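A.B. asks: Found this in Swiss-Prot, in case it helps:
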type: SIGNAL; residues: 1-21; note: signal peptide
type: DISULFID; residues: 24-45; note: disulfide bond
type: DISULFID; residues: 27-37; note: disulfide bond
type: DISULFID; residues: 38-72; note: disulfide bond
type: DISULFID; residues: 76-90; note: disulfide bond
type: DISULFID; residues: 91-96; note: disulfide bond
């Protein structure tokens, strides 16, 4: 009985923590995606794209933009920040950037 009670308490604590922890998909080419909790203070997810000199996203075989990296950041400086060949965009959702989400 004590073991069952202890198990319920541990599961409750874990579930409560998951509700307040930002999860971002982490990826550096090549695959796979890896979801990870963001460090404290880094509560925004971002995606990094390869762009050409006109700041347009480069497509992979004309199908979709090449995402170079995903991760956590403290704050977003706005859409389209980054260097001339690397475009960073923040995601509006938790665990953004997977193949099943558009953000």
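Cβ coordinates come from backbone N, Cα and C, glycine included.
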A.B. asks: Once the chains shown are all counted, how many other Cβ atoms turn up within 10 Å of the Cβ of residue 45 (disulfide bond)?
C.D. replies: 26
A.B. asks: Could you state the whole-number distance in Å separating the C-alpha atoms of residue 76 (disulfide bond) and residue 24 (disulfide bond)?
C.D. replies: 14
A.B. asks: Rounded to the nearest Å, what's the C-alpha distance separating residue 37 (disulfide bond) and residue 24 (disulfide bond)? Just drop the number here, would you?
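C.D. replies: So the alpha carbons of residue 37 (disulfide bond) and residue 24 (disulfide bond) sit roughly 7 Å from each other.
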A.B. asks: Counting across all protein chains present, how many other Cβ atoms fall within 10 Å of the Cβ of residue 38 (disulfide bond)?
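C.D. replies: Around residue 38 (disulfide bond), other Cβ atoms within 10 Å: 19.
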A.B. asks: In Å, rounded, how far does the Cα of residue 38 (disulfide bond) sit from the Cα of residue 45 (disulfide bond)?
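C.D. replies: Spelling it out, the Cα of residue 38 (disulfide bond) and the Cα of residue 45 (disulfide bond) are 8 Å apart.
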A.B. asks: Reduce the DSSP letter at residue 24 (disulfide bond) to three states and note it down.
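C.D. replies: In the DSSP reduction, residue 24 (disulfide bond) maps to strand.
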A.B. asks: According to DSSP, folded down to helix, strand and coil, what is residue 45 (disulfide bond)?
C.D. replies: strand
A.B. asks: Find the one among the disulfide-bonded residues 72, 90, 91 whose C-alpha lies closest to that of residue 24 (disulfide bond).
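C.D. replies: Closest candidate to residue 24 (disulfide bond), judged by Cα separation, is 72.
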A.B. asks: In whole Å, how far is residue 45 (disulfide bond) from residue 72 (disulfide bond) when you measure between their Cα atoms?
C.D. replies: 5
